[in-house]
Amino acid sequence: MSCAADDDIDPENPLNKPDVPENVQAAIRTLIEWAGDDPSREGLLDTPKRVGRAWLEYCEGYKEDPAIHLSRVFEEVGGYEEIVLLKDIPFQSACEHHMAPITGKAHIAYLPDKKVVGISKLARVLHGFASRLQVQERLTAEVADCIWDNLEPQGVAVVIEAQHGCMTGRGVKTPGVAMTTSRMMGCFLEDPRSRKEVMSLMGY
Ligand SMILES: Nc1nc2c(ncn2[C@@H]2O[C@H](COP(=O)(O)OP(=O)(O)OP(=O)(O)O)[C@@H](O)[C@H]2O)c(=O)[nH]1
Ligand SMILES: [Zn+2]
């Protein structure tokens, strides 16, 4: 019986790559042809499989409920009663209108009550919701709601700044423009001083 850890699996080995169903490959060949190229030319032969696998990766957030990352909490934190902030978390998502990339950074803060979580888990929650077809407003709300529901903190603040490929590379073609969204909950919504403090920690 093999006891190889996941880390030992070579993703470059074709035997370890996920299968891309024929109907998915056919759809990608159709798109290539419709865009004006020849899906049977040599450079494009394996492209339908690669694109299929790439989309499995872009959308791997559908495989799990991001709340699982908040299930292991530390309840003994020595009376820590200040803001916890994870700042400038880079992320990538895909816009649900054009399936174009959304790239940006998120700031995620909470004021704990009884539950504190390992700090990497905040980024895992972000990536879990970002790795789906999204709009930025919903991504922001989903991350904040997930922390609020699972950590039952005194406050949650999530701010996301991102560029949308559907605005930079097509359509209105406006590179360099970032969209900012935020969701404040609990004390950050109700108490202007708390909100000011967290926004200032985030650099606003
Ligand atoms: N609010 C919001 N809008 C988004 C997001 N991502 C993309 N969009 C916008 O969604 C809109 C879709 O508009 P439509 O008019 O249906 O599509 P379209 O004809 O391709 O629009 P253009 O992008 O203006 O060419 C566009 O204005 C996009 O800029 C997002 O995360 N949030
Ligand atoms: Zn779009």
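Glycine residues also receive a Cβ, built from the backbone N, Cα and C atoms like all the rest.
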C95, H98 show up in TrEMBL as binding Zn(2+); which entry in C166, C187 does that record put in the same site?
C166
Can you tell me how many other Cβ atoms are located within 10 Å of the Cβ belonging to H98 (Zn(2+) binding site)?
15
Within 8 Å of the centroid of the Cβ atoms of C95, H98, C166, which other residues of that chain place their own Cβ, given that this set defines the recorded Zn(2+) site?
A94, E96, H97, M99, A100, I102, H164, G165, M167, R170
Under a criterion of Cβ-Cβ distance under 8 Å and sequence separation of at least 6, what residues of the same chain contact C166 (Zn(2+) binding site)?
C95, H97, H98, A100
